[in-house]
Structure formats: structure tokens, C-alpha cells
Amino acid sequence: MKRSPRSIRSRHISRTNENSRFVINGLGGKRALSGEVIIGGAKNAALKLMAASVLFKNKVILENVPEIEDIKRMSDLLNAIGVVVSKKKTGVYDLRVGRRCSTSLLDDISKRFRASIVLSGPLLARFGKVSFPHPGGCLIGERPIDIFLDGFRKMGAQIKESKGRYLFTATGGTLTGTTIHMRQQSVTATETFMMAGVLASGETVIKNASLEPEIEDLAKFLIDGGASITGIGTTTIRICGGGLLTALSPHRVLPDRIEAGSYLILAALAGKDVKITNCNPWHLELLIELLRDSGVGIVVSGDTVTVTGEQGTLKSFDLKTHEYPGFPTDLQAPMTVFLTQTEGEGKVFETIFEGRLGYAEALASMGADIIAMDAHRIIVKGPSSLHGKTLESPDLRAGLAFVIAAIIAKGISIIHNVYNIDRGYDHVEKKLRAIGVDIKRLR
Ligand code: EPZ
């Protein structure tokens, strides 16, 4: 029987929480939160590690995988092409390439998250072809894929585009190592070329590579499986192509620095004694320094960052997003909420994505004093008293910024479209309730 697209879709898309909303009773500026927030594994590492399972000849085991919607989508996408993903227990997943593997990624799942594009590297490298639609993800800018197209062409792939789908075919069935000098640093392109290079013939050199810690985690996983990769943590990465990899032991996903940073900002605003545990403070260095300089009491010890409240008036500062180790664009929206509570004027300059300040209008409707300069810049004057509001979560990080704003505001806020927050934050209301936030999820 020929299956309709609808039945294929329903077989592979697991249940989502798309109709949820949060109801938050704000603290009205009081510092009342206390307790511990345990940080989960990094979304932007786990998704790539799952894609990398295609490069292995045996089963891989991933631990500390966050329980979030994007991981469900990646599991759906992999299962649909014949990579068997099994959840063993909370945070532990087995992945194994089945005997028959398709190289055609389903449209509607791929269009739901940007990380779907990283599968192009391992599939093309292993099977000599891959087809997929333009990847989806948060609406934070144009998000083109030209760097991917240029790099794969250089590695010897033929590229066709028709009816919104791309088809990449490796000439002679194998990619060829080459030098790819990226015109701009791109996290997912660095990861995709690194994975492709593992099975390409000869040496692949990625110049102007990204430096994000999640890339290092992926490289470690590949090297442990037998890949030859050098230069990680620098802007020139060299991969010497070889055969399929062999997983010898489980890989533990590194802690999510963006989740940790988001809770740290919340604690800086409303905490009297909040511990953020199971994180890597090295990856939060700049954030911690900015918060301390602003007047927040922070103690770092081992894998724990403790916020002990403010020390005097919080001072404003200017913020400019930058590739790692600069200030992460993924913490820009939560940090803007912080600036609404500081004394003075702070400029926020979003340099990575052109559509990532759209949430500012909603913050202004809560009482924040924000002036929009252009698509990349706003000025935040503070401190302002925020009041509860009904909001729509526009994307993952802005959604969490609204949650933070709602917690410090006076009165009730309702945040719709919680799916966007669930895409990247593990058990968000459970973690918030544990430190004293009055939050309910309504379905
Ligand atoms: C990754 O996106 C993350 N996503 C993003 O996380 C993060 O905001 C971003 O890196 C920057 O740190 C994943 O890892 C799945 P880029 P990515 O390619 O790789 C331009 C979150 O909330 N560009 O490094 O897609 C692009 O438009 C998110 O978890 C091209 O022009 O970002 C941007 O201006 C959202 N052509 C810049 O490069 C290309 O072919 C950097 O983007 C590719 C990118």
C-alpha cells in the first residue's frame, strides 16, 4: 500500500505540547527565590551528537541528553530514515544505524528545527547523497545555508535544488577533503563539515571555524570513536578522513551553558540564595563577570555557581553579542530583561542575527523603557517596574526571557506558545517551582 504523507508524518512525529501556556504569578520586584537548579545536558551539543551516530558502525550511547522537544524531533527524524533511537531511561539514549537507511529527510520534521541540517554532513559522507528541505528553527533572522552549499561543493558534491528541497550527491560516492574557508563563523556549518570530513578522502581543513564548547564536545565524541581531528578550540580545524567510527564507551553530553546562564540571570534578578549546579562555570565566565561588575553577589565553586543577591544598586552596561568566547546571542534576550532592572542606560547590540530583538516590544508593554534604534540595536533604560501581561513566546530564548520578566513583574502573566520554550529547556516549570516560582502549565 502506498502511504500518504499524512500517515508517514503521524508515524514519526511524537506527541508535542503545542497548546500549553504558562501562568506565572510574579514577585513584584522582591528577591524571594532560593534553592537549587540542576542544569541538564546541552541542547546544541546533544542534537549534533545524535546526528554523528550516522558515522559509527556500532551502537552509540549518549548520557545526560536533555528531555526537550528538539531532541524528540531529532529522534523522529533519525527514526524515520532508519537510525534506531531508543530511550533507555531519562537522559540516556542508544542510537544505531539500521540495515536499511534512507538519505531523504522528512520535510515537516526538518522544517521544525535548524539542527536538522547537521545531518547532511554525516549522511552525505557515509551514503554519498542526502536530500532535505531548507531547515527551520527559531524565527530570529534569515538563516541562509550558503556556507553549507559552498563547502560541500568544494568537497566534490553536486548540488541541486528543486521545489524547496536540496539534493547533494558526492561525485564518485565519496567526499574529498579540501580547505573550506568560511566567510563567516557558523556553529552548525563547522560541525557539519567536521562530521563530513571524518569519512571524506584525505584531509579537510576548516578555516575561520567556530569555537563554541559544543563543537569541542562533538569533536571529543568523534575522536573517542577513532576520528583524527586536531585544532579544536582554534579557528583552524583539521580532519584526516578514515573509515566508520567505533563507539567504545558512553558519551556524556556537556552541561548546557545557555540554560545555566538563563537561570543565573533569573537568580541575579530575583534570588536571595540560588545555586546553579552541574554546570561548567568556565563556559559562563563573561556572563558571571558582567553580572558581578553590575553588582550581583556570585560565588563559584567546582560545578556550582551560587547567587547570593545584589550588593547595592545594580549598574547598567552595554552588551554586544559575539561568537564564543564573546557574549552569546542565545543569552541576549534574558540579559535585556536584566538591564530593565539596572540603574542607567544600556545599549544592546545583537550582531549575529538580524531578527533577534523583536521581543523588546512585548517587554516594553510590561513597563520596560526600551528604545529601538534599528534591527540590531536597542537602548534599555532602568530600573523599571514591570507588570504582568499576556505574551506569546516568539522563539526559544525570547520565550525564556518572557518567563524571567513575568517572574520579576507584579501580577499575573500568561505566556502562550510554551512549545517554543520546551524546545530547549528541560522541565522548565519543575525547575522554577523548586526555587519558589509560582508557575502553572495549562494545556
Ligand atoms: C547555532 O545556530 C545555534 N543552533 C543557535 O542556537 C545559536 O544562536 C547560533 O549557533 C549562534 O551561536 C544550533 O546549534 C542548532 P550560525 P547556527 O550558523 O549554527 C549566518 C538556540 O536558541 N550564516 O553560527 O544556525 C547566520 O545567518 C539557537 O539554541 C550564513 O550567513 O548559527 C548568522 O548570521 C538559535 N550562512 C551567522 O552566520 C550560512 O550558511 C551565525 O550563525 C550559515 C550561517
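From the backbone N, Cα and C atoms, a Cβ is placed for every residue, glycine too.
The shown structure was predicted, so the numbers you read here are calculated from the model rather than taken from an experiment.
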Inset, instruction - Figure out which of ILE298, ILE352 sits with ARG114, ASP330 in the UDP-N-acetyl-alpha-D-glucosamine site per TrEMBL. - result: ILE352
Legend entry - Rounded Cα separation (Å) that holds between ASN44 (phosphoenolpyruvate binding site) and ARG114 (UDP-N-acetyl-alpha-D-glucosamine binding site): 10
Inset, instruction - Return one of helix, strand or coil for ILE352 (UDP-N-acetyl-alpha-D-glucosamine binding site), based on DSSP. - result: coil
Legend entry - Cβ neighbour count within 10 Å of ARG114 (UDP-N-acetyl-alpha-D-glucosamine binding site): 20
Inset, instruction - Can you grab the distance from ARG114 (UDP-N-acetyl-alpha-D-glucosamine binding site) over to LYS43 (phosphoenolpyruvate binding site)? Cα atoms, rounded to a whole Å. - result: 12
Inset, instruction - Tell me the Cβ neighbour count for LYS43 (phosphoenolpyruvate binding site), meaning other Cβ atoms within 10 Å of its Cβ, over all protein chains shown. - result: 28
Legend entry - Inter-residue C-alpha distance, LYS43 (phosphoenolpyruvate binding site) and ASP330 (UDP-N-acetyl-alpha-D-glucosamine binding site) (nearest angstrom): 12
